[in-house]
Structures are given as structure tokens and as C-alpha cells.
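Beneath this line is the structure, given in C-alpha cells, with notes to follow.
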Amino acid sequence: MAPSAQPTAAMATFTRMVKGQMRCYSAPVDAAIPASKRKYIPTSGTYPKGFFVSGTHVGVKASNTKFPDLALITSETPCSAAAVFTTNKFQAAPVQVSKKILNATQGQGIRSVIINSGCANAVTGKGGLEDAMSMATKVDEYTGVAENGTLVMSTGVIGQRLPISKILSKIPEATSSLSSTHDAWLTTARAICTTDTFPKLLSQTFTLPSSPGRTYNIAGMTKGAGMIHPNMATLLGVIATDAPIVPSALQSLLKTSVARSFNAISVDGDTSTNDTVAILANGAAGGAPINSTQNDDYVVMQNILTSFLQSLSQLVVRDGEGATKFVTVRIQNSPDYPSAQLIASTIARSPLVKTALYGRDANWGRILCAIGYTQGVAPGTVVPERTSVSFKPADGSPVLKLLVNGEPEQVDEERASAILQDEDLEIIVDLGGGEKGELGGEEGVYWFCDFSHEYVTINGDYRT
């Protein structure tokens with residue numbers, strides 16, 4: 001049950017709406033969504049019952065004169081809620097407020113998520129905390145919740161206060177324009193963007209073993225293009241499902257899924273102050289609640305959520321600031337999963353690896369270098385004499401072997417260059433000696449992008 005297929009063109013109305021900025025806020029230009037990215041924008045979707053969304057223009061950042069920058073996701077009935085947050089010590093005000101609300105409610109009775117883009121509300125002191133809380137309180141007021149029914153997220157420039165009066169004045173409009181249509185979901189996904197070039201939205205249907213004749217729905221939106229590296233980075237995500245899941249099971253499901261999705265991507269190796277991924281489950285589709293990690297429904301739901309979040313998080317990498325490559329690095333035959341992920345992570349954030357890929361240079365020595373200096377792996381994990389490195393082309397043709405059991409291969413540089421012309425590439429690192437697999441079957445996977453000249457331009461201009 002894969003996420004809904006991504007069509008080859010954006011809806012005409014949506015393309016007209018976003019025309020005007022290629023990299024929102026950082027370097028405004030009069031350009032539509034890049035042609036190469038339009039295929040990732042869905043023209044339809046299957047959305048969870050009982051959820052309504054809206055995207056409203058506030059003008060949080062002065063340079064944004066027309067695009068939606070306030071997103072609201074709400075359920076007509078109380079939800080179970082769970083979230084994972086940034087590990088950055090300077091946690092933004094909305095992160096602190098959302099944590100407090102989840103602790104107070106134990107993940108029960110949450111109805112909404114309110115998100116602004118254009119200002120991170122991070123490192124803003126007591127006033128920033130009050131601003132974040134006032135956003136939650138205002139949404140509660142307009143959705144008929146007594147208190148602690150709304151989670152808050154913000155993204156944008158650090159160290160600046162929100163134009164809170166402007167935001168609060170637009171919440172009535174945000175609530176009155178709530179809708180369950182595909183257009184509304186897409187507009188809402190657009191409202192959380194900053195330097196993104198396209199809105200990131202997925203949806204799918206699924207079934208559970210206990211109710212094989214019942215259809216459930218899940219939808220998710222995310223934002224992020226820079227400052228992306230676990231745990232997590234300047235990355236926001238909201239997932240909604242109409243499956244019935246109790247809060248404790250939902251938190252466990254989310255934590256495990258994020259570890260193999262949003263915490264397995266990297267754009268630039270920086271970890272933000274704001275990242276949050278939250279999930280709401282309202283149970284509107286009916287059926288028996290998932291209330292234990294031991295039942296069949298939980299196991300199936302875990303697989304569904306992990307696969308769904310992997311697809312959603314990969315859209316972030318595909319929109320990496322200035323990126324021209326989408327790279328999968330797969331570490332095979334590791335003695336344990338954590339060691340495999342550490343090696344994959346080190347390769348994914350290596351500037352030398354990333355710039356070589358941008359330059360279409362099959363410089364496998366940089367990959368080996370990153371493998372060799374990886375910290376924290378289990379003793380005996382990396383042994384040069386049994387390490388192999390290959391490129392796996394996106395077109396399904398045979399892998400290009402670069403290093404086999406510590407011995408360099410005669411590399412066809414022309415073929416290597418041709419492989420690196422493609423947008424997609426997989427790097428395979430075998431720690432067990434190629435086909436021998438001496439260490440066993442643990443595998444780690446990371447997704448990352450290259451570094452280009454545009455990345456420097458975008459981030460040099462970010463506050464202008």
C-alpha cells in the first residue's frame with residue numbers, strides 16, 4: 001500500500017497561486033515551481049474522515065505579501081496525539097508549549113495543530129512562550145475546546161518575535177475557512193513552507209487485520225529544505241489518520257517510524273531549534289482501538305506508518321536547498337543497526353562527498369574517508385580488507401563496483417560520470433566483504449542530497 005502516486009504536473013490553480021517565489025522567503029523570484037519538482041505535487045488525495053484544514057495569509061514576514069503562512073489542521077472530534085521534537089538545547093517556544101500540552105493531557109483530547117511560517121519564535125524568551133501559548137488558546141476558543149486542545153509549531157528566522165497581533169487576528173479566518181477538500185490540504189501544506197520550492201503532501205488508504213473490510217486513511221504534510229539533519233532538523237510534519245489508536249501506542253508507533261524516516265535524512269547536517277513531527281488519530285473510521293504493541297493491528301500499523309513517513313521525509317531531501325541529487329546510502333552486513341546508521345549518517349553529511357556528487361565525480365575515496373572516521377560504531381565493524389563500495393544506477397543497470405574487499409576496481413570513468421548525471425543514485429557500502437556477508441544481515445539506510453552553489457546563495461540571502 002504505497003502512498004498516492006505523484007502526478008507529473010501541479011494543478012493549474014495551485015501553480016498560479018505559488019507563482020512568484022522559487023525559494024520562498026529566502027530569495028524571492030518571479031518563478032513558478034521548478035518543472036523538475038512538479039511531479040511531486042499530488043492532484044488528488046484520500047484524506048482522513050473528520051479532519052479539516054486551512055491555509056491563511058498573515059504576512060508573518062514582511063516580504064510575503066500574498067502567500068499563505070498560517071496553517072490549521074483540526075478534527076471535529078477529540079484525538080489521540082503524539083509527537084517527537086528537536087534535540088537542540090535551544091528549543092523554540094512552540095516546542096516547549098506543545099510538550100507542556102502533551103504532558104498535561106497525556107496525548108488525549110487534542111483537536112488541532114496551528115503552524116506559522118516566516119518566524120521560528122525561537123530564542124525569544126518569556127514573550128515568545130506567551131505568544132506560542134496565545135496561539136494555542138485562540139484556536140481552542142474558536143474550535144470550542146476549554147483548554148490544552150491545540151499543538152503549536154513555527155518555522156522561519158531564529159531570534160525574532162512573532163507579529164502575534166497579526167497572527168491572532170487571522171485565526172478566526174483560519175477557522176471559518178476550514179475544509180476537507182484536496183485543494184485545502186494542498187494550500188495548508190503550502191502555508192508551512194519557508195525555503196521549500198514545493199508543498200509536500202501525501203495521502204493513502206489502508207486496512208487493518210481486525211477490520212479487513214474497513215478502509216482507513218492517513219495524510220501527512222511536511223516542510224523542510226535546509227537545516228536538515230536528525231534528530232530532527234528545521235523540519236515540521238503533521239500526520240492525521242482516522243484509525244483508532246490510543247495515545248501510548250501512537251507515541252510508540254511514531255517514535256519507531258521517525259527513527260527510520262525523518263531521522264534518517266540529511267540535507268546539510270544542521271539540527272534546528274524547532275523541529276516537530278506530530279500525529280493525530282481521531283478514530284472516525286471506527287473499528288477496535290490499537291491499544292497494545294503486541295497485537296496484529298499494531299504490527300501492520302507500524303509498517304504502514306514507517307513506509308508512509310519514509311516517503312514523506314524523502315520529499316524533504318528531494319527539495320534540499322540547491323540540491324540536484326537524491327542519494328540513498330545503504331550500509332550492508334553491519335554487526336548491528338546503530339553502527340550501520342552511524343556510518344550512513346557520516347557519509348550523508350560529509351561536505352566532500354556531497355560536493356563530489358554535485359560535480360559528478362566518482363571520488364569513492366571520500367566515501368571511504370567518511371566510513372573510516374565514523375565515531376561510535378561497534379569494534380570490528382569497519383575492517384578495510386572486507387569493505388566494498390558500489391554505485392547502483394537508477395535505471396536498473398548493473399552496479400558499478402568501486403572497491404571490493406578493500407581492493408580498488410578499474411573504474412569505467414565514462415560510465416561513472418553517466419550514472420552521476422541522473423538525479424537518483426544509490427551508494428552501497430558492504431562491510432562484510434561483498435557477497436560473503438561475513439558479519440550478518442543488519443542494514444542501515446540514509447537519504448541525502450548534494451551540495452551546490454545555490455545552497456550557499458540561498459543561505460547567504462536567507463534574512464534578506
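Cβ atoms here come from the backbone N, Cα and C positions, even for glycine.
Sequence annotations record features per position, and here Swiss-Prot assigns active site, nucleophile to Thr234 based on sequence analysis.
Positions annotated as substrate binding site by Swiss-Prot: Thr194, Lys223, Thr234, Glu321, Asn459, Thr464. Glu321 (substrate binding site) carries neither a helix nor a strand DSSP state and counts as coil.
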Greatest C-beta neighbour count within 10 angstroms, which of the binding-site residues Thr194, Lys223: Lys223
Secondary structure at Lys223 (substrate binding site), reduced by DSSP to three states: strand
Glu321 (substrate binding site): tally of other CB atoms within 10 A of its CB: 26
